[in-house]
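Database features, via TrEMBL:
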| type | residues | note |
| --- | --- | --- |
| BINDING | T14, G15, G16, N126, R167, S190, I248, Q293 | UDP-N-acetyl-alpha-D-glucosamine binding site |
| DOMAIN | 8-144 | domain 'Glycosyltransferase family 28 N-terminal' |
| DOMAIN | 184-351 | domain 'Glycosyl transferase family 28 C-terminal' |
Amino acid sequence: MSGLRHLVVTTGGTGGHIFPALAVAAEFKARDAARQVTFIGASGPEGELARKAELDFVALPARGVLGTGLRKLATPVWLAKGLLKALWTLRRLRPDAVLGFGGYAGFCPVPAAWLCGIPCAIHEQNSVPGAANRTLRHFVRTIFLSFEETVSWFPAKKTVLTGNPVRADIAQAGRTPRPGTRSLLVLGGSQGARALNDAVIEALPELRKAAITVRHQAGASDVDRVRRECTDAGFDPDGPQIRVSGFIDDMAQAYAEADLIFCRSGASTVFEAAAAGRPCIFVPYPHATHNHQALNARAMEQAGAARVIPQDGLGGGSLAGMVVGLLNNQEKLDRMAEAAKDFAKPDAAARIVDHLEEQAAKHKGRNA
């Protein structure tokens with residue numbers, strides 16, 4: 001036995017942090033239903049998502065955005081409250097390991113685990129690490145990485161290249177061949193990305209001429225406007241050419257039905273698309289910390305699995321031209337799809353759990 005029966009995962013704020021944590025939790029429990037996972041985060045979307053995944057959830061006080069610097073986040077009051085509750089929670093739960101996925105909401109449990117003598121590790125999703133993980137590296141034994149380039153930010157002896165964990169149903173989509181139906185999946189993000197949404201609306205006339213269908217996740221904050229502008233442009237937002245929604249519940253099915261994806265380049269999106277074996281057109285968010293989205297996109301572009309349009313060069317014409325050009329070249333799309341699968345590491349969650357089990361066994365042996 002590995003000695004790893006109870007795992008705490010901690011993060012929060014955005015899906016880019018939360019979904020990889022849920023993927024590891026699912027892999028951990030899939031190996032033994034008697035195992036326990038507790039998710040520690042803030043009172044944000046992580047709580048609802050953790051409960052949907054049937055995980056115990058503990059909320060910690062958290063505020064601020066670590067991406068703008070630790071000083072803005074780490075006020076004495078915030079740290080005191082967060083650390084005290086994290087210490088109390090970990091001493092009550094007595095987990096065998098703590099795994100952090102970055103983000104301000106998951107900051108305090110990692111140093112609390114270190115103070116309690118509990119083995120702890122972190123996972124960095126992006127090519128350039130966020131401020132939370134750059135600080136937390138001092139408290140952990142192991143740092144799991146999505147991108148090989150990220151090793152330069154951390155002590156090399158602590159790093160393990162695993163890739164970014166994706167859900168099993170997303171990885172399963174990668175075993176489904178592209179449908180060849182000239183279908184474009186647009187991911188504007190859960191909150192919407194107006195620049196992407198506007199470009200799609202402008203591109204619709206050219207996409208219609210080329211018999212290209214669009215599944216468009218416009219984001220909750222922008223969906224009403226996008227649907228209205230589609231209607232004004234003469235397109236039914238629930239019609240045969242374009243379907244517009246604020247959120248897509250079954251992302252695995254959406255990936256499986258797509259020939260090409262148009263989206264931002266956060267790490268989770270990059271690795272989900274790669275695991276699904278779908279070519280991408282990325283528009284990196286230009287204000288991402290340390291320009292990490294551009295670096296994420298460049299890595300997949302260099303692998304031959306994606307094309308990149310900078311936001312200042314994005315418009316309906318440039319988007320339509322690239323989409324039509326790619327969908328008119330099925331051989332190229334097939335090569336890009338294979339390159340995406342080669343880039344992906346769909347077993348990332350399994351690699352992480354394997355390593356945690358090995359470390360737990362060693363820790364148990366030392367303390368026997």
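Heads up, the Cβ atoms here are built off N, Cα and C, so glycines get one too.
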Largest tally of Cβ atoms lying within 10 Å of a Cβ, found at which of the binding-site residues T14, N126: N126
CB within-chain contacts under 8 A for G16 (UDP-N-acetyl-alpha-D-glucosamine binding site), separation at least 6: Q125, N126, G266, A267, S268, T269
Around the Cβ of Q293 (UDP-N-acetyl-alpha-D-glucosamine binding site), the count of other Cβ atoms that are within 10 Å: 27
Whole-number mean of pLDDT values that fall within the domain 'Glycosyltransferase family 28 N-terminal' (8-144): 88
CB within-chain contacts under 8 A for R167 (UDP-N-acetyl-alpha-D-glucosamine binding site), separation at least 6: F19, L22, A23, A26, A252
G15 (UDP-N-acetyl-alpha-D-glucosamine binding site) CB neighbourhood, other CB atoms within 10 A: 17
The domain 'Glycosyltransferase family 28 N-terminal' (8-144), counted residue by residue under DSSP: helix, strand, coil: 69 helix, 25 strand, 43 coil
For I248 (UDP-N-acetyl-alpha-D-glucosamine binding site), the number of other Cβ atoms found within 10 Å of its own Cβ: 17
